[in-house]
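Reviewing the structure listed below.
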Amino acid sequence: MVSWIRKNLLLVLTVSSVVLGALCGFLLRGLQLSPQNIMYISFPGELLMHMLKMMILPLIMSSLISGLAQLDARQSGKLGSLAVTYYMFTTAVAVVTGIFLVLVIHPGDPTIKKEIGTGTEGKTVSTVDTLLDLLRNMFPENVVQATFQQVQTKYIKVRPKVVKNNDSATLAALNNGSLDYVKASVEYTSGMNVLGVIVFCIAIGISLSQLGQEAHVMVQFFVIMDKVIMKLVMTVMWYSPFGILCLIMGKILEIHDLADTARMLAMYMVTVLSGLAIHSLISLPLIFFVTTKKNPYVFMRGLFQAWITGLGTASSSDTLPITYICLEENLGVDRRVTRFVLPVGATINMDGTALYEAVAAIFIAQINGVHLSFGQVVTVSLTATLASIGAASVPSAGLVTMLLVLTAVGLPVKDVSLIVAVDWLLDRIRTSINVLGDAMGAGIVYHYSKADLDAHDRLAATTRSHSIAMNDEKRQLAVYNSLPTDDEKHTH
(Lines of atoms letter the chains of each structure in order from A and count residues from 1; the text may use other names and numbers.)
(Lines give C-alpha, C1' and ligand atoms only; values in the text may rest on other atoms or scores of the structure.)
Protein backbone atom coordinates (compact mmCIF):
# COMPACT_ATOMS: atom_id res chain seq x y z
CA MET A 1 0.00 0.00 0.00
CA VAL A 2 2.80 2.41 0.97
CA SER A 3 4.73 1.61 -2.22
CA TRP A 4 1.57 2.20 -4.32
CA ILE A 5 0.98 5.59 -2.63
CA ARG A 6 4.64 6.55 -3.17
CA LYS A 7 4.39 5.58 -6.85
CA ASN A 8 1.07 7.43 -7.34
CA LEU A 9 1.71 10.27 -4.90
CA LEU A 10 0.71 13.04 -7.33
CA LEU A 11 -2.59 11.31 -8.13
CA VAL A 12 -3.35 10.77 -4.42
CA LEU A 13 -2.59 14.43 -3.67
CA THR A 14 -4.80 15.64 -6.55
CA VAL A 15 -7.79 13.48 -5.52
CA SER A 16 -7.33 14.56 -1.89
CA SER A 17 -7.26 18.21 -2.97
CA VAL A 18 -10.66 17.89 -4.67
CA VAL A 19 -12.22 16.27 -1.59
CA LEU A 20 -10.58 18.71 0.85
CA GLY A 21 -11.46 21.70 -1.32
CA ALA A 22 -15.15 20.77 -1.37
CA LEU A 23 -15.16 19.96 2.37
CA CYS A 24 -13.40 23.19 3.41
CA GLY A 25 -15.60 25.22 1.06
CA PHE A 26 -18.81 23.95 2.66
CA LEU A 27 -17.41 24.34 6.21
CA LEU A 28 -16.28 27.94 5.60
CA ARG A 29 -19.63 29.01 4.09
CA GLY A 30 -20.93 29.56 7.61
CA LEU A 31 -18.38 32.34 8.19
CA GLN A 32 -20.00 34.56 5.49
CA LEU A 33 -16.61 35.63 4.12
CA SER A 34 -16.35 38.86 2.12
CA PRO A 35 -15.66 38.77 -1.65
CA GLN A 36 -12.15 40.10 -0.91
CA ASN A 37 -11.36 37.20 1.45
CA ILE A 38 -12.78 34.68 -1.02
CA MET A 39 -10.51 36.18 -3.68
CA TYR A 40 -7.50 35.66 -1.38
CA ILE A 41 -8.51 32.01 -0.85
CA SER A 42 -8.87 31.47 -4.62
CA PHE A 43 -5.57 33.23 -5.45
CA PRO A 44 -3.31 30.11 -5.43
CA GLY A 45 -5.80 28.48 -7.82
CA GLU A 46 -5.70 31.56 -10.02
CA LEU A 47 -1.90 31.20 -10.18
CA LEU A 48 -2.29 27.57 -11.29
CA MET A 49 -4.60 28.65 -14.12
CA HIS A 50 -2.06 31.29 -15.17
CA MET A 51 0.76 28.71 -15.20
CA LEU A 52 -1.24 26.24 -17.30
CA LYS A 53 -2.45 28.93 -19.71
CA MET A 54 1.15 30.12 -20.10
CA MET A 55 2.06 26.63 -21.41
CA ILE A 56 -0.82 26.26 -23.89
CA LEU A 57 0.50 28.26 -26.86
CA PRO A 58 4.10 26.92 -26.92
CA LEU A 59 2.80 23.42 -26.17
CA ILE A 60 0.26 23.40 -29.01
CA MET A 61 2.79 24.82 -31.48
CA SER A 62 5.69 22.54 -30.55
CA SER A 63 3.61 19.37 -30.14
CA LEU A 64 1.58 19.71 -33.33
CA ILE A 65 4.48 20.76 -35.56
CA SER A 66 6.96 18.20 -34.17
CA GLY A 67 4.35 15.41 -34.27
CA LEU A 68 3.17 16.03 -37.85
CA ALA A 69 6.68 16.74 -39.19
CA GLN A 70 7.65 13.16 -38.27
CA LEU A 71 4.78 11.67 -40.28
CA ASP A 72 4.26 11.49 -44.02
CA ALA A 73 1.22 13.10 -45.67
CA ARG A 74 -0.67 9.79 -45.94
CA GLN A 75 -0.27 9.05 -42.22
CA SER A 76 -1.31 12.60 -41.28
CA GLY A 77 -4.42 12.24 -43.43
CA LYS A 78 -5.29 8.90 -41.85
CA LEU A 79 -4.84 10.22 -38.30
CA GLY A 80 -6.95 13.29 -39.10
CA SER A 81 -9.80 11.37 -40.73
CA LEU A 82 -9.92 8.81 -37.88
CA ALA A 83 -9.92 11.55 -35.23
CA VAL A 84 -12.64 13.66 -36.89
CA THR A 85 -14.85 10.58 -37.49
CA TYR A 86 -14.53 9.64 -33.81
CA TYR A 87 -15.25 13.20 -32.65
CA MET A 88 -18.38 13.56 -34.78
CA PHE A 89 -19.73 10.14 -33.77
CA THR A 90 -19.20 10.53 -30.01
CA THR A 91 -20.65 14.05 -30.02
CA ALA A 92 -23.76 12.76 -31.81
CA VAL A 93 -24.07 9.92 -29.27
CA ALA A 94 -23.76 12.42 -26.39
CA VAL A 95 -26.47 14.69 -27.84
CA VAL A 96 -28.88 11.78 -28.44
CA THR A 97 -28.28 10.52 -24.87
CA GLY A 98 -29.01 13.96 -23.44
CA ILE A 99 -32.19 14.46 -25.49
CA PHE A 100 -33.49 10.99 -24.61
CA LEU A 101 -32.99 11.57 -20.87
CA VAL A 102 -34.47 15.08 -20.76
CA LEU A 103 -37.58 13.91 -22.66
CA VAL A 104 -38.02 10.84 -20.41
CA ILE A 105 -37.23 12.46 -17.02
CA HIS A 106 -38.91 15.79 -17.95
CA PRO A 107 -37.12 17.90 -15.30
CA GLY A 108 -38.67 21.18 -16.48
CA ASP A 109 -41.70 22.36 -14.53
CA PRO A 110 -43.22 25.85 -15.19
CA THR A 111 -43.41 26.38 -11.40
CA ILE A 112 -39.59 26.41 -11.26
CA LYS A 113 -39.53 29.62 -13.27
CA LYS A 114 -41.99 31.22 -10.84
CA GLU A 115 -39.75 30.31 -7.89
CA ILE A 116 -36.45 31.39 -9.46
CA GLY A 117 -37.90 34.42 -11.23
CA THR A 118 -37.52 35.60 -14.81
CA GLY A 119 -34.13 35.64 -16.42
CA THR A 120 -32.19 38.71 -17.45
CA GLU A 121 -32.18 39.88 -21.04
CA GLY A 122 -29.70 37.92 -23.15
CA LYS A 123 -27.76 38.62 -26.34
CA THR A 124 -28.98 37.88 -29.85
CA VAL A 125 -27.07 35.12 -31.65
CA SER A 126 -27.31 34.05 -35.30
CA THR A 127 -26.49 30.50 -36.41
CA VAL A 128 -25.07 31.75 -39.72
CA ASP A 129 -22.88 34.36 -38.00
CA THR A 130 -21.57 31.71 -35.59
CA LEU A 131 -20.61 29.49 -38.53
CA LEU A 132 -18.91 32.40 -40.28
CA ASP A 133 -16.99 33.27 -37.09
CA LEU A 134 -15.83 29.65 -36.90
CA LEU A 135 -14.47 29.83 -40.46
CA ARG A 136 -12.92 33.29 -39.90
CA ASN A 137 -11.11 31.99 -36.84
CA MET A 138 -9.86 28.92 -38.71
CA PHE A 139 -7.97 31.18 -41.14
CA PRO A 140 -6.72 34.21 -39.16
CA GLU A 141 -5.37 37.13 -41.16
CA ASN A 142 -2.56 37.63 -38.65
CA VAL A 143 -1.04 34.60 -36.89
CA VAL A 144 0.58 36.71 -34.16
CA GLN A 145 -2.78 38.39 -33.43
CA ALA A 146 -4.40 34.92 -33.29
CA THR A 147 -2.31 34.14 -30.21
CA PHE A 148 -4.24 36.67 -28.13
CA GLN A 149 -7.38 37.70 -30.08
CA GLN A 150 -10.20 36.01 -31.99
CA VAL A 151 -12.99 37.15 -34.29
CA GLN A 152 -16.52 37.43 -32.92
CA THR A 153 -19.69 38.88 -34.44
CA LYS A 154 -21.33 41.41 -32.14
CA TYR A 155 -24.71 43.05 -32.55
CA ILE A 156 -25.04 46.81 -32.28
CA LYS A 157 -28.32 48.69 -32.01
CA VAL A 158 -28.34 51.44 -34.65
CA ARG A 159 -30.70 54.43 -34.73
CA PRO A 160 -31.55 55.86 -38.19
CA LYS A 161 -30.36 59.39 -38.88
CA VAL A 162 -32.80 62.27 -38.56
CA VAL A 163 -33.24 64.18 -41.82
CA LYS A 164 -34.80 67.62 -42.29
CA ASN A 165 -37.99 66.50 -44.04
CA ASN A 166 -39.00 63.91 -41.38
CA ASP A 167 -42.60 64.38 -40.25
CA SER A 168 -43.53 64.59 -36.57
CA ALA A 169 -44.69 60.94 -36.38
CA THR A 170 -41.35 59.71 -37.77
CA LEU A 171 -39.44 61.96 -35.38
CA ALA A 172 -41.43 60.58 -32.43
CA ALA A 173 -40.70 57.01 -33.57
CA LEU A 174 -37.01 57.83 -33.88
CA ASN A 175 -36.94 59.31 -30.38
CA ASN A 176 -38.65 56.37 -28.67
CA GLY A 177 -36.39 53.85 -30.46
CA SER A 178 -39.10 51.95 -32.34
CA LEU A 179 -37.22 52.42 -35.65
CA ASP A 180 -33.91 51.19 -34.22
CA TYR A 181 -32.42 48.14 -35.93
CA VAL A 182 -29.67 45.66 -35.03
CA LYS A 183 -26.53 45.58 -37.17
CA ALA A 184 -23.94 42.77 -37.12
CA SER A 185 -20.37 43.93 -36.62
CA VAL A 186 -17.27 41.71 -36.88
CA GLU A 187 -14.88 42.60 -34.06
CA TYR A 188 -11.82 41.21 -32.33
CA THR A 189 -12.22 40.03 -28.74
CA SER A 190 -9.52 39.07 -26.25
CA GLY A 191 -8.67 35.38 -25.93
CA MET A 192 -6.41 33.08 -27.93
CA ASN A 193 -7.79 31.89 -31.27
CA VAL A 194 -6.92 28.24 -30.58
CA LEU A 195 -8.57 26.97 -33.77
CA GLY A 196 -6.59 29.36 -35.98
CA VAL A 197 -3.30 28.51 -34.25
CA ILE A 198 -4.01 24.78 -34.67
CA VAL A 199 -4.80 25.10 -38.40
CA PHE A 200 -1.59 27.12 -38.93
CA CYS A 201 0.53 24.60 -36.99
CA ILE A 202 -0.98 21.66 -38.90
CA ALA A 203 -0.05 23.37 -42.19
CA ILE A 204 3.52 24.03 -40.97
CA GLY A 205 3.92 20.45 -39.68
CA ILE A 206 2.74 18.86 -42.94
CA SER A 207 4.98 21.20 -44.98
CA LEU A 208 8.03 20.27 -42.88
CA SER A 209 7.19 16.60 -43.36
CA GLN A 210 7.16 17.06 -47.15
CA LEU A 211 10.54 18.87 -47.10
CA GLY A 212 12.17 15.84 -45.47
CA GLN A 213 15.89 16.10 -44.68
CA GLU A 214 16.00 19.78 -45.68
CA ALA A 215 13.82 20.68 -42.68
CA HIS A 216 15.68 18.44 -40.19
CA VAL A 217 17.11 21.34 -38.13
CA MET A 218 13.74 23.09 -37.80
CA VAL A 219 11.99 19.82 -36.86
CA GLN A 220 14.61 19.17 -34.16
CA PHE A 221 14.04 22.68 -32.81
CA PHE A 222 10.32 21.97 -32.26
CA VAL A 223 11.03 18.47 -30.86
CA ILE A 224 13.44 19.92 -28.27
CA MET A 225 11.05 22.82 -27.53
CA ASP A 226 8.31 20.25 -26.89
CA LYS A 227 10.54 18.39 -24.40
CA VAL A 228 11.41 21.64 -22.60
CA ILE A 229 7.73 22.61 -22.23
CA MET A 230 6.83 19.14 -20.92
CA LYS A 231 9.63 19.44 -18.35
CA LEU A 232 8.08 22.71 -17.15
CA VAL A 233 4.64 21.04 -17.09
CA MET A 234 5.95 18.31 -14.78
CA THR A 235 7.08 21.02 -12.33
CA VAL A 236 3.66 22.74 -12.45
CA MET A 237 1.91 19.40 -11.86
CA TRP A 238 3.37 19.18 -8.35
CA TYR A 239 1.81 22.55 -7.54
CA SER A 240 -1.56 21.62 -9.08
CA PRO A 241 -3.08 19.78 -6.04
CA PHE A 242 -2.82 22.93 -3.89
CA GLY A 243 -4.11 25.12 -6.74
CA ILE A 244 -7.08 22.81 -7.41
CA LEU A 245 -7.96 22.76 -3.69
CA CYS A 246 -8.09 26.58 -3.61
CA LEU A 247 -10.05 26.80 -6.90
CA ILE A 248 -12.80 24.46 -5.70
CA MET A 249 -12.96 25.99 -2.21
CA GLY A 250 -13.23 29.52 -3.64
CA LYS A 251 -15.90 28.54 -6.16
CA ILE A 252 -18.09 26.93 -3.46
CA LEU A 253 -17.73 30.03 -1.25
CA GLU A 254 -18.81 32.31 -4.13
CA ILE A 255 -22.21 30.65 -4.65
CA HIS A 256 -25.19 32.37 -3.00
CA ASP A 257 -28.28 30.43 -1.80
CA LEU A 258 -26.63 27.11 -2.69
CA ALA A 259 -29.23 24.94 -0.94
CA ASP A 260 -32.29 26.71 -2.43
CA THR A 261 -30.85 26.70 -5.94
CA ALA A 262 -29.92 23.01 -5.69
CA ARG A 263 -33.44 22.16 -4.49
CA MET A 264 -35.19 24.01 -7.33
CA LEU A 265 -32.87 22.76 -10.08
CA ALA A 266 -32.29 19.29 -8.58
CA MET A 267 -34.02 17.32 -11.37
CA TYR A 268 -32.24 19.37 -14.05
CA MET A 269 -28.89 18.58 -12.40
CA VAL A 270 -29.82 14.89 -12.05
CA THR A 271 -30.67 14.75 -15.77
CA VAL A 272 -27.38 16.34 -16.87
CA LEU A 273 -25.28 14.29 -14.45
CA SER A 274 -27.06 11.06 -15.45
CA GLY A 275 -26.37 11.80 -19.10
CA LEU A 276 -22.70 12.54 -18.42
CA ALA A 277 -22.39 9.36 -16.33
CA ILE A 278 -23.97 7.20 -19.06
CA HIS A 279 -21.76 8.76 -21.73
CA SER A 280 -18.52 8.39 -19.75
CA LEU A 281 -19.13 5.01 -18.11
CA ILE A 282 -21.12 3.20 -20.83
CA SER A 283 -21.05 4.89 -24.26
CA LEU A 284 -17.35 5.83 -24.49
CA PRO A 285 -16.08 2.54 -22.97
CA LEU A 286 -18.38 0.58 -25.33
CA ILE A 287 -17.05 2.47 -28.37
CA PHE A 288 -13.48 1.90 -27.14
CA PHE A 289 -14.06 -1.84 -26.58
CA VAL A 290 -15.79 -2.40 -29.95
CA THR A 291 -13.00 -0.63 -31.86
CA THR A 292 -9.92 -1.87 -29.97
CA LYS A 293 -11.09 -5.11 -28.26
CA LYS A 294 -9.30 -3.90 -25.10
CA ASN A 295 -10.57 -3.27 -21.58
CA PRO A 296 -11.67 0.41 -21.58
CA TYR A 297 -11.70 0.69 -17.78
CA VAL A 298 -8.01 -0.25 -17.54
CA PHE A 299 -7.32 2.50 -20.10
CA MET A 300 -9.48 4.98 -18.16
CA ARG A 301 -7.58 4.21 -14.94
CA GLY A 302 -4.43 5.60 -16.55
CA LEU A 303 -6.29 8.86 -17.30
CA PHE A 304 -7.45 9.55 -13.75
CA GLN A 305 -4.94 12.36 -13.15
CA ALA A 306 -6.12 14.22 -16.28
CA TRP A 307 -9.78 13.64 -15.35
CA ILE A 308 -9.28 15.12 -11.86
CA THR A 309 -7.33 18.09 -13.27
CA GLY A 310 -10.18 18.78 -15.73
CA LEU A 311 -12.57 18.72 -12.78
CA GLY A 312 -10.46 21.33 -10.98
CA THR A 313 -9.59 23.69 -13.86
CA ALA A 314 -12.88 23.46 -15.85
CA SER A 315 -10.83 23.82 -19.06
CA SER A 316 -9.81 21.02 -21.43
CA SER A 317 -7.07 23.22 -22.93
CA ASP A 318 -5.52 23.88 -19.52
CA THR A 319 -5.62 20.12 -18.83
CA LEU A 320 -3.86 19.33 -22.14
CA PRO A 321 -0.30 19.06 -20.68
CA ILE A 322 -1.45 16.56 -18.04
CA THR A 323 -3.42 14.54 -20.63
CA TYR A 324 -0.24 14.22 -22.73
CA ILE A 325 1.66 12.78 -19.77
CA CYS A 326 -1.14 10.33 -18.83
CA LEU A 327 -1.41 8.95 -22.38
CA GLU A 328 2.31 8.77 -23.18
CA GLU A 329 3.76 7.68 -19.83
CA ASN A 330 0.90 5.72 -18.25
CA LEU A 331 -0.63 4.14 -21.37
CA GLY A 332 2.21 4.09 -23.91
CA VAL A 333 0.37 5.93 -26.70
CA ASP A 334 2.74 7.14 -29.45
CA ARG A 335 3.54 10.84 -29.00
CA ARG A 336 2.98 11.46 -32.73
CA VAL A 337 -0.66 10.49 -32.20
CA THR A 338 -1.18 12.42 -28.95
CA ARG A 339 0.53 15.56 -30.30
CA PHE A 340 -1.86 15.69 -33.25
CA VAL A 341 -5.12 14.29 -31.87
CA LEU A 342 -5.27 15.97 -28.43
CA PRO A 343 -4.90 19.67 -29.40
CA VAL A 344 -7.56 19.24 -32.10
CA GLY A 345 -9.79 17.30 -29.69
CA ALA A 346 -9.44 19.92 -26.94
CA THR A 347 -10.78 22.48 -29.43
CA ILE A 348 -13.56 20.72 -31.34
CA ASN A 349 -14.47 17.58 -29.36
CA MET A 350 -16.85 18.63 -26.57
CA ASP A 351 -19.07 15.62 -25.82
CA GLY A 352 -20.00 16.82 -22.33
CA THR A 353 -20.78 20.32 -23.58
CA ALA A 354 -22.96 19.03 -26.44
CA LEU A 355 -24.96 16.82 -24.05
CA TYR A 356 -25.38 19.67 -21.56
CA GLU A 357 -26.56 22.12 -24.23
CA ALA A 358 -29.16 19.68 -25.59
CA VAL A 359 -30.53 19.01 -22.08
CA ALA A 360 -30.49 22.70 -21.07
CA ALA A 361 -32.31 23.84 -24.24
CA ILE A 362 -35.15 21.34 -23.83
CA PHE A 363 -35.28 22.05 -20.06
CA ILE A 364 -35.80 25.76 -20.80
CA ALA A 365 -38.55 24.84 -23.28
CA GLN A 366 -40.23 22.71 -20.59
CA ILE A 367 -40.19 25.43 -17.89
CA ASN A 368 -41.75 27.81 -20.43
CA GLY A 369 -44.47 25.25 -21.25
CA VAL A 370 -43.29 25.01 -24.89
CA HIS A 371 -43.80 21.66 -26.64
CA LEU A 372 -41.03 21.01 -29.15
CA SER A 373 -41.91 19.16 -32.35
CA PHE A 374 -39.73 16.35 -33.73
CA GLY A 375 -38.21 18.80 -36.21
CA GLN A 376 -37.31 21.21 -33.41
CA VAL A 377 -35.72 18.38 -31.39
CA VAL A 378 -33.60 17.50 -34.46
CA THR A 379 -32.67 21.19 -34.74
CA VAL A 380 -31.61 21.18 -31.08
CA SER A 381 -29.40 18.12 -31.68
CA LEU A 382 -27.73 19.63 -34.76
CA THR A 383 -27.16 23.07 -33.24
CA ALA A 384 -25.91 21.54 -29.96
CA THR A 385 -23.33 19.58 -31.98
CA LEU A 386 -22.32 22.71 -33.92
CA ALA A 387 -22.23 24.87 -30.79
CA SER A 388 -20.00 22.36 -28.97
CA ILE A 389 -17.51 22.49 -31.86
CA GLY A 390 -17.63 26.28 -31.86
CA ALA A 391 -17.20 26.48 -28.08
CA ALA A 392 -13.74 27.55 -27.04
CA SER A 393 -12.18 25.09 -24.61
CA VAL A 394 -12.31 27.61 -21.76
CA PRO A 395 -14.40 27.71 -18.56
CA SER A 396 -18.18 28.20 -19.04
CA ALA A 397 -17.94 28.54 -22.85
CA GLY A 398 -20.89 26.12 -23.09
CA LEU A 399 -23.08 28.66 -21.32
CA VAL A 400 -22.30 31.24 -24.02
CA THR A 401 -22.93 28.88 -26.95
CA MET A 402 -26.24 27.88 -25.34
CA LEU A 403 -27.60 31.11 -26.84
CA LEU A 404 -27.10 29.65 -30.32
CA VAL A 405 -29.17 26.55 -29.51
CA LEU A 406 -32.00 28.55 -27.93
CA THR A 407 -32.13 31.02 -30.83
CA ALA A 408 -32.32 28.16 -33.37
CA VAL A 409 -35.61 26.88 -31.89
CA GLY A 410 -37.06 30.27 -30.90
CA LEU A 411 -36.76 29.88 -27.11
CA PRO A 412 -36.23 32.90 -24.81
CA VAL A 413 -32.49 33.57 -24.67
CA LYS A 414 -32.79 35.42 -21.35
CA ASP A 415 -33.72 32.19 -19.55
CA VAL A 416 -30.10 30.98 -19.78
CA SER A 417 -29.50 33.05 -16.64
CA LEU A 418 -31.85 30.72 -14.72
CA ILE A 419 -29.34 27.84 -14.87
CA VAL A 420 -26.18 29.91 -14.24
CA ALA A 421 -26.32 29.18 -10.49
CA VAL A 422 -25.47 25.48 -10.97
CA ASP A 423 -23.23 25.88 -14.02
CA TRP A 424 -20.03 26.11 -11.93
CA LEU A 425 -20.48 22.45 -10.93
CA LEU A 426 -21.83 21.09 -14.22
CA ASP A 427 -19.10 22.94 -16.14
CA ARG A 428 -16.37 21.14 -14.20
CA ILE A 429 -17.95 17.72 -14.63
CA ARG A 430 -18.67 18.12 -18.35
CA THR A 431 -15.08 19.38 -18.88
CA SER A 432 -13.71 16.22 -17.25
CA ILE A 433 -15.89 14.19 -19.66
CA ASN A 434 -14.53 16.24 -22.59
CA VAL A 435 -10.98 15.40 -21.46
CA LEU A 436 -11.88 11.71 -21.15
CA GLY A 437 -13.42 11.69 -24.64
CA ASP A 438 -10.33 13.33 -26.18
CA ALA A 439 -7.98 10.86 -24.51
CA MET A 440 -10.00 7.76 -25.46
CA GLY A 441 -10.11 9.08 -29.03
CA ALA A 442 -6.31 9.24 -29.03
CA GLY A 443 -6.22 5.62 -27.81
CA ILE A 444 -8.55 4.47 -30.62
CA VAL A 445 -6.64 6.40 -33.30
CA TYR A 446 -3.36 4.90 -32.02
CA HIS A 447 -4.84 1.38 -32.20
CA TYR A 448 -5.72 1.81 -35.89
CA SER A 449 -2.50 3.61 -36.87
CA LYS A 450 0.03 1.62 -34.81
CA ALA A 451 0.94 -0.75 -37.67
CA ASP A 452 1.56 2.15 -40.07
CA LEU A 453 3.64 4.05 -37.50
CA ASP A 454 5.74 0.95 -36.74
CA ALA A 455 6.28 0.35 -40.47
CA HIS A 456 7.31 4.00 -40.88
CA ASP A 457 9.80 3.63 -37.99
CA ARG A 458 11.28 0.43 -39.48
CA LEU A 459 11.67 2.11 -42.87
CA ALA A 460 13.29 5.16 -41.25
CA ALA A 461 15.68 2.91 -39.27
CA THR A 462 16.60 0.94 -42.43
CA THR A 463 17.19 4.15 -44.38
CA ARG A 464 19.31 5.52 -41.54
CA SER A 465 21.38 2.30 -41.35
CA HIS A 466 21.87 2.31 -45.12
CA SER A 467 22.93 5.96 -45.00
CA ILE A 468 25.46 5.24 -42.22
CA ALA A 469 26.81 2.24 -44.17
CA MET A 470 27.18 4.36 -47.32
CA ASN A 471 29.01 7.06 -45.35
CA ASP A 472 31.36 4.42 -43.86
CA GLU A 473 32.10 3.07 -47.34
CA LYS A 474 32.84 6.57 -48.63
CA ARG A 475 35.10 7.23 -45.64
CA GLN A 476 37.00 3.96 -46.17
CA LEU A 477 37.33 4.68 -49.88
CA ALA A 478 38.67 8.16 -49.12
CA VAL A 479 41.24 6.70 -46.71
CA TYR A 480 42.22 4.05 -49.28
CA ASN A 481 42.62 6.66 -52.03
CA SER A 482 44.82 8.76 -49.77
CA LEU A 483 47.31 5.87 -49.27
CA PRO A 484 50.42 5.94 -51.54
CA THR A 485 50.68 3.29 -54.32
CA ASP A 486 53.66 0.87 -54.72
CA ASP A 487 55.12 3.07 -57.47
CA GLU A 488 54.85 6.12 -55.23
CA LYS A 489 56.57 4.21 -52.41
CA HIS A 490 59.40 3.14 -54.79
CA THR A 491 59.82 6.72 -56.03
CA HIS A 492 60.15 7.98 -52.48
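Heads up, the Cβ atoms here are built off N, Cα and C, so glycines get one too.
According to Swiss-Prot, the feature topological domain 'Cytoplasmic' maps to 1-7, an assignment based on sequence analysis. Per-class residue totals from DSSP over the topological domain 'Cytoplasmic' (1-7), listed helix then strand then coil: 6 helix, 0 strand, 1 coil.
For 8-28 (among others), the entry in Swiss-Prot reads transmembrane segment, with the evidence type sequence analysis. Taking Cβ pairs closer than 8 Å, the transmembrane segment (8-28) reaches residues 41, 237-238, 240-242, 244-253, 304-305, 308-309, 311-312 in its own chain, all 6 or more past its ends.
The transmembrane segment annotation in Swiss-Prot covers 47-67 (among others) and rests on sequence analysis.
Per Swiss-Prot, transmembrane segment is recorded for 85-105 (among others). For the transmembrane segment (85-105), the list of distant contacts is 267, 270-272, 274-275, 278-279, 283-284, 287, 344-345, 348-352, 354-359, 362-363, 366, 377, 380-381, 384-385, 388-389, 437, 441, 444-445: same-chain residues at least six beyond its ends, Cβ to Cβ under 8 Å.
Per-residue pLDDT, averaged over the topological domain 'Extracellular' (106-191), rounds to 69. Among the features that Swiss-Prot reports, topological domain 'Extracellular' is placed at 106-191, with the record citing sequence analysis.
Annotation source Swiss-Prot lists N-linked glycosylation site at N166 (among others).
The N-linked glycosylation site annotation in Swiss-Prot covers N176 (among others) and is backed by sequence analysis.
For 192-212 (among others), the entry in Swiss-Prot reads transmembrane segment.
The transmembrane segment feature in Swiss-Prot is assigned to 228-248 (among others); the stated evidence is sequence analysis.
Under the heading transmembrane segment, Swiss-Prot lists 270-290 (among others).
Away from its own ends, the transmembrane segment (358-378) comes close to residues 95, 98-99, 101-103, 106-110, 112-113, 268, 271-272, 275, 384, 402, 405-406, 409, 411-412, 415-416, 418-419 of its chain (Cβ-Cβ under 8 Å, at least six residues beyond either end). According to Swiss-Prot, the transmembrane segment annotation covers 358-378 (among others), on the basis of sequence analysis.
Taken from Swiss-Prot, the feature transmembrane segment applies to 389-409 (among others), supported by sequence analysis.
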Positions on the same chain near the transmembrane segment (192-212), where near means CB under 8 A and six or more residues out: 56-57, 60-61, 64-73, 76, 134, 137-140, 143, 145-151, 218-219, 317, 340, 343-344, 346-348, 392-393
